[in-house]
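Read through the structure below, which is laid out as structure tokens, and then see the notes.
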Amino acid sequence: MSERLKLKVPASTANLGVGFDSIGLALNKFLYVEAEISDDQKWHFHHKGENLHDLPTDENHLIYQVVQFLEKRFEVTVPPLKITMRSEIPLARGLGSSASALVAGIYLADFFGQLQLSEFEMVEAATEIEGHPDNVAPVLYGGMVSGFYNNHTNETYISFIEPPRVNLVITVPSYELKTHDSRQVLPDSFKHGDAVQYSAISNTMLSALIQHDYVLAGKLMEMDGFHEPFRQKLIPDFEKVKSIAKEYKAYATVISGAGPTILTLIDPSKSGKLVRRLNKELDECSSEIITINKSGIIAEKVYE
Ligand code: HSE
């Protein structure tokens, strides 16, 4: 009898403006992974569909590297796997495609290496590899999560937030923006006074979000100073999307993760109209309503 593991791994959006590197939401677009122990003691990666064709199929594959990391950390051996993947999450667009693959790698190492990791140990490992929890935590848990990774002590802190009852519209440009390039434009440090101000904006935004005061939360999301002012120039369509969204009284328009996808939070009565308008006006982008994923990653064992 052969044993396979099937994973359905959500996408995610990080930052929500001022929540840079800490806040994220899981989204209902998925990476699908199927894995079984390989017959020939070699690793095999099969990528199906459009989104994954540029990925490596050797030891540079992120899933392979994550499995290696966990093998070392927990002193176990994971047998070489035959992995088939297909994805609805476009690469290098700020929708957490790497975080989804990273979490998939942790699940595979846990299952085939019989690690018995708790969900929290998974989030700790994922955060240590990624450097921040904003994408990986919602991918694991679903919903909206705020977190902090202390890279001096290697500790991870996670807090759950009730997801906002708004509609989300994503506007996905046809061009890629690699996270590495998008982080290159950020300053190394901030003046104390600026950091105090941005963190006050962030605290108040989160408090407003928890109280479902989307008008205030949205206003504060757009006041980010940690990353948006530096990244906007890398996303030529950002200003236009934001200004059209304002016509539909959107609560906020922010960069999704490291970009270039643009995320708009809007009242459900106006989201459809906004999407139709954006798709009419922007040639280089595709807009759609996307729902919040509440379950996080789902794993299913299949026996044949
Ligand atoms: N918070 C991260 C960033 C998300 O904005 O760079 C992508 O890793």
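Placed from the backbone N, Cα and C atoms, the Cβ positions cover glycine too.
Here is what TrEMBL records for this protein:
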BINDING   PRO90, LEU91, ALA92, ARG93, GLY94, LEU95, GLY96, SER97, SER98, ALA99, SER100  ATP binding site
DOMAIN    62-143  domain 'GHMP kinase N-terminal'
DOMAIN    205-282  domain 'GHMP kinase C-terminal'
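Most Cβ neighbours within 10 Å among the binding-site residues SER98, SER100: this distinction goes to SER100. DSSP labels the residues of the domain 'GHMP kinase C-terminal' (205-282) in these numbers: 42 helix, 9 strand, 27 coil. Note on the domain 'GHMP kinase N-terminal' (62-143): DSSP counts are 47 helix, 7 strand, 28 coil. Counting neighbouring Cβ atoms within 10 Å of each of the binding-site residues (PRO90, GLY94, GLY96), the lowest count belongs to PRO90. In sequence order, ALA11, ILE89, GLY257 are the same-chain residues whose CB sits within 8 A of the CB centroid of PRO90, LEU91, ALA92, ARG93, GLY94, LEU95, GLY96, SER97, SER98, ALA99, SER100, the residues recorded for ATP being left out. Sequence-distant contacts (6 or more apart, same chain, Cβ under 8 Å) of ALA92 (ATP binding site) comprise GLU176, LEU177, LYS178, THR179. Regional average pLDDT for the domain 'GHMP kinase C-terminal' (205-282) in the model is 97.
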